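Feature annotations, reproduced from Swiss-Prot:
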BINDING   Cys21, Cys24, Cys40, Cys43  Zn(2+) binding site
ZN_FING   21-43  zinc finger
Amino acid sequence: MADVKFVKPKNINGHFVKIKCRDCGNVQVVFARPSSTVTCNICGATIAKPTGGILATSGEVVEVL
């Protein structure tokens, strides 16, 4: 299994973000400051994890809500 790089996106002022899974392309709404790991509803891959503040994501931020 390859290492997945998680990055903290910039300019997230909203409370929710739409994130696109890099494995299956599914787009789902995620809280911008999660307290637990977020997995994709379709393939089960980890798409976001908590960092003590803003989320760290392995997918693409599609939209800030």
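Note: Cβ is positioned from N, Cα and C throughout, glycine not excepted.
Sequence features, as recorded in Swiss-Prot, placed on the structure.
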residue : record              : CB count, 10 Å
Cys21   : Zn(2+) binding site : 22
Cys24   : Zn(2+) binding site : 12
Cys40   : Zn(2+) binding site : 22
Cys43   : Zn(2+) binding site : 13
Cβ-centroid neighbourhood (8 Å) of the Zn(2+) site, Cys21, Cys24, Cys40, Cys43 excluded:
Arg22, Asp23, Gly25, Asn26, Asn41, Ile42, Gly44, Ala45, Ile47
Cβ under 8 Å, sequence separation of at least 6 from the ends of the zinc finger (21-43): give me the contacting residues as numbers and ranges.
12, 14-15, 49-50, 53-55, 57-60, 62, 64-65
Taking every residue in the zinc finger (21-43), the average pLDDT works out to 93
Taking DSSP helix as H, G and I and strand as E and B, the zinc finger (21-43) has 0 helix, 7 strand, 16 coil
